[in-house]
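Chemist: Mind looking over this structure? Questions follow.
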Amino acid sequence: MRKAIIAGNWKMNKTVDEAVKVVEELKPLVKDATCDVVVCPTFVCLDAVKKATAGSNIKVAAQNMHFEESGAFTGEVSPGMLEAMGIEYVVLGHSERREYFNETDEAINKKVKAAFAHNITPIVCCGETLEQRESGVTNNFIACQIKVDIAGLTKEQAEKVVIAYEPIWAIGTGKTATKEQANETILAIRNVVVEMYGKEVADKVRIQYGGSVKPNTITEQMAMSDIDGALVGGASLKAEDFSGIVNY
């Protein structure tokens, strides 16, 4: 039985004080959650949020990282720096990183391997555009992403990967894939993992849905056979909203 994982991606929002305030409000609201609870603040808030979550059931993720250990990479953060801070997860390959910063699947794969080398669990994002969805190439496109993104891992690493399926057309648009569409695509993703690493590994991989997830949509999504959680955007910025999703 896969344990659900619900992560709040705060994107480029919240000062340090605002981030800590949300965490303090969130802690009592999610203390009895049956799923893994993760918040993903900006780099500048990571340390303060990590300290604020101490002793709680809330885990902390970075929103990105470089794959190199150190060096002349101005503006970047290394996996070793995150590990030293005690960060448990890192979001990799988000569609905004792919679109605005030209991240490739090959670079994402290097980051996935670097995360595991530093005891950080990657949350690997994939998803299609509306044009791809309407052209009927969703499954092929996402398979191409996943086959590169999580290539070359050990079986022990592969089963720990969290995959987030985020249809790009549903991010921040208010549109959402139907629960059937989401489950069908996530099942297709799981079948790609079967091809790569076998059924035993694929059955352990947790696959989230992301894309305008709200408290009023989460229950029906989580009732589906293959949806193991959510990567939440805007609705994770307020403790009340996010706890409503976590406590589905």
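We count from 1, first residue shown onward.
For all residues, glycine too, the Cβ spot is worked out from N, Cα and C.
I grabbed these lines from Swiss-Prot:
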{"type": "ACT_SITE", "residues": "His94", "note": "active site, electrophile"}
{"type": "ACT_SITE", "residues": "Glu166", "note": "active site, proton acceptor"}
{"type": "BINDING", "residues": "Asn9, Trp10, Lys11, Gly172, Ser212, Gly233, Gly234", "note": "substrate binding site"}
Chemist: Do any residues at least six apart in sequence from Glu166 (active site, proton acceptor), in the same chain, have a Cβ closer than 8 Å to its Cβ, and if so which, in order?
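Modeler: Expected: His94, Ser95, Cys125, Cys126, Gly127, Tyr209, Gly210, Gly211, Leu231.
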Chemist: Translate the DSSP assignment of Gly234 (substrate binding site) into the three-state scheme.
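Modeler: DSSP call for Gly234 (substrate binding site): helix.
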Chemist: Enumerate the residues of the same chain, Asn9, Trp10, Lys11, Gly172, Ser212, Gly233, Gly234 excluded, that satisfy the criterion Cβ within 8 A of the mean position of the Cβ atoms of the recorded substrate site; list them in sequence order.
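Modeler: Other same-chain residues with Cβ inside the cutoff are Ile171, Val232, Ala235, Ser236, Leu237.
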Chemist: Inside 10 Å of the Cβ of Gly234 (substrate binding site), count up the other Cβ atoms and send me the figure.
Modeler: 18
Chemist: On a count of neighbouring CB atoms within 10 A, which of the binding-site residues Asn9, Ser212 is highest?
Modeler: Asn9
Chemist: Should Trp10 (substrate binding site) be counted as helix, strand, or coil on the basis of DSSP?
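Modeler: The three-state answer is coil.
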Chemist: Counting only other Cβ atoms and using a 10 Å cut-off, which of the binding-site residues Gly172, Gly233 scores lowest?
Modeler: Gly172
